[in-house]
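Reading through the structure tokens given below for one structure.
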Amino acid sequence: MTDHSPDPAMLAKAETLTEALPYLQRYAGKTFVVKYGGHAMGDPELQRDFAEDVVLLKAVGINPVVVHGGGPQIGSMLKRLGVESRFVDGLRVTDAATAEVAEMVLAGKINKEIVSWIAAAGGRAVGISGKDAGLVRAEKVQRIEPDRNSGIERHVDLGFVGEPVAVDPTLLNSLARDGFIPVVAPVALGADGHTYNVNADTMAGAIAGALGAARFFLLTDVPGVMDKQGELLTDLQPGDIAALKEDGTIKGGMIPKVETCVAAVGAGVDAAVILDGRIPHGLLLEIFTRQGAGTLVRA
Ligand SMILES: Nc1ncnc2c1ncn2[C@@H]1O[C@H](COP(=O)(O)OP(=O)(O)O)[C@@H](O)[C@H]1O
Ligand SMILES: CC(=O)N[C@@H](CCC(=O)OP(=O)(O)O)C(=O)O
């Protein structure tokens, strides 16, 4: 007699696929913006997993837009060139030489690497920066901070650090419509003709807002926003952020990340999620299974 009892391993695979069904139905035709942080780019296996996830999203009818960072990679190039670098609230102070190196590393090296990984996974990616087709217009960031000793407010000059003031998503929509996956480097032009180095989280958030993305994911090197005891904060609302910044729970690179989530949600993005880019296929698991991970920011 032949044994017709189902193989449990095969059944588990089928269950995983059927578990994905409602998400596939819900998200078909929607736009997802994925911010791929420099720290999440880890090793070649993670890079391949990430590219496969993005290609799979496209294959099931979702329009992924990748916006990448590369802070650590800019840091090592600056070090090799003997250029000092410092940060204020997670933003790299950018003089003319630093802006040049940042654009070379971001729009040259990293952007084309990601395009190659996506190509290897069978996708058709187009690498651009915020400069292309007027995608993002930036303005110089203006910072005013109280002096540590006197408390008197003073202007902090960050150099060529830009913040997005206008996004024209025409090119992204054309690329998505024609089956391409846009990969965007966080460099933009100012009205003054200067090249601005834009924090990648801020850039991604502005693009997610302009596209009215259904989801905005930020892949980084921590499980999400952690409290002072190191516990993951699974849900945050815009109103929670000021206190977390004030008491020092959120600092450094997490500041632009959380601020951009709040701005994106305010601009009409349904939900933003900060999640661990070091987990193999973390993006797929987050999107197509019930086990949500990371920190969800929702209005
Ligand atoms: N409350 C917090 N929870 C988690 N990480 C935090 C928090 N506050 C600051 N951080 C820091 O933020 C970093 C993530 O930001 P960043 O280094 O800019 O990452 P990425 O390169 O992925 O954009 C974490 O590695 C961590 O050191
Ligand atoms: C102004 C500013 O800080 N720009 C960033 C741009 C890259 C970035 O944001 O990369 P991650 O996402 O990997 O941190 C920088 O120069 O590092």
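First residue shown is number 1, and so on along the chain.
Each residue, glycine too, has its Cβ placed from N, Cα and C.
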Original post:
Which of Asn173, Asn197 does TrEMBL put in the same substrate site as Gly70, Gly71, Arg92?
Top reply: Asn197
Original post:
Other residues with Cβ within 8 Å of the Cβ centroid of Gly70, Gly71, Arg92, Asn197 at the substrate site?
Top reply: Gly38, Gly69, Ile74, Gly75, Thr94, Ala102, Val105, Leu106, Pro186, Asn199, Ala200
Subject >> Rounded Cα separation (Å) that holds between Asn197 (substrate binding site) and Lys257 (site 'Transition state stabilizer') >> reply: 16
Original post:
Three states by DSSP: which one describes Gly70 (substrate binding site)?
Top reply: coil
